[in-house]
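Visitor: Annotated signal peptide per TrEMBL: 1-30, in sequence order. Marked as domain 'TLC' by TrEMBL: 131-277. Residues or ranges marked as transmembrane segment in TrEMBL: 158-185, 206-231, 251-272. According to TrEMBL, the feature region 'Disordered' maps to 284-320. Annotated compositional bias 'Basic and acidic residues' per TrEMBL: 289-306, in sequence order.
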């Protein structure tokens with residue numbers, strides 16, 4: 001099955017999942033229990049309208065994070081060339097020879113080499129899954145524009161769709177993809193936080209826990225692991241360029257993707273500071289004076305989606321990208337930027 005066919009299959013699956021979760025949410029939110037837990041009709045309407053996208057965002061984040069961990073484990077001890085590139089059948093013998101892991105002439109790859117190649121191919125499949133999710137989510141963002149995301153979210157999705165397509169077409173960076181895509185692990189906590197605020201529970205202990213866990217996971221995956229992976233990548237990335245036709249051919253895409261990865265790490269640092277400030281406040285808005293004001297401020301300030309790539313991202317992130325609800329920290333930053341204005345509106349209404 002070709003990569004394009006995989007992409008289309010995953011695209012259909014994401015949309016089918018969205019439709020199914022929408023139907024389930026409508027039924028659940030119409031029950032007496034839901035009306036008691038979320039008494040506001042406006043809040044229930046928002047959960048019904050936007051909730052399916054957050055459900056799929058969380059499912060996507062959990063799946064690609066689990067697969068990303070598998071890619072890291074399988075490729076951690078592979079030679080740099082196999083971490084950087086999945087060779088074609090034609091170039092495989094030469095790549096194995098250059099990596100010092102070639103067997104006898106005409107013999108099949110050794111079991112450990114076969115494991116590395118299978119893992120690299122699996123990363124390509126995960127990239128198809130991610131690219132399909134970004135395309136699916138971009139359509140929904142545009143259809144509901146600007147409620148679910150504005151120009152920055154659209155630009156993020158388009159940029160990382162390009163990176164995903166370029167890396168996928170050239171079968172680049174399977175190991176890097178692993179440590180980038182696990183940045184999506186923080187997305188479910190951010191989505192839980194969104195749901196609690198939309199349900200009118202923005203001042204509850206659940207938001208405190210969701211915000212704190214989100215910040216810890218974000219720091220671990222997008223600062224520690226991302227930073228360590230980036231250092232290793234910068235030391236070895238030059239080795240793959242000759243196998244792509246030199247700097248003037250495939251090397252151009254290598255430079256572009258690595259530039260996005262470096263920029264993504266820097267952006268993660270900016271976001272991390274804002275997320276840390278949010279976590280120190282227990283996930284609550286500064287300036288809210290009472291529970292009702294805080295809940296309403298949370299509902300207003302999170303009208304745009306909060307989610308990953310990260311995130312993405314991806315980081316967050318080329319071939320990843322941050323994303324889940326892709327502009328993860330960008331949306332969190334938007335929360336902080338809106339806090340003062342929202343608190344002011346609440347004061348006037350009071």
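Don't overthink the numbers, they just go from 1 along the chain as shown.
The backbone N, Cα and C atoms fix where each Cβ goes, glycine too.
Automatic prediction, not curation, is the source of TrEMBL annotations.
Help me picture where these features are in the structure shown.
Guide: Mean pLDDT, taken over the domain 'TLC' (131-277), works out to 90 on the 0 to 100 scale.
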Visitor: For the domain 'TLC' (131-277), DSSP counts of helix, strand and coil?
Guide: 126 helix, 1 strand, 20 coil
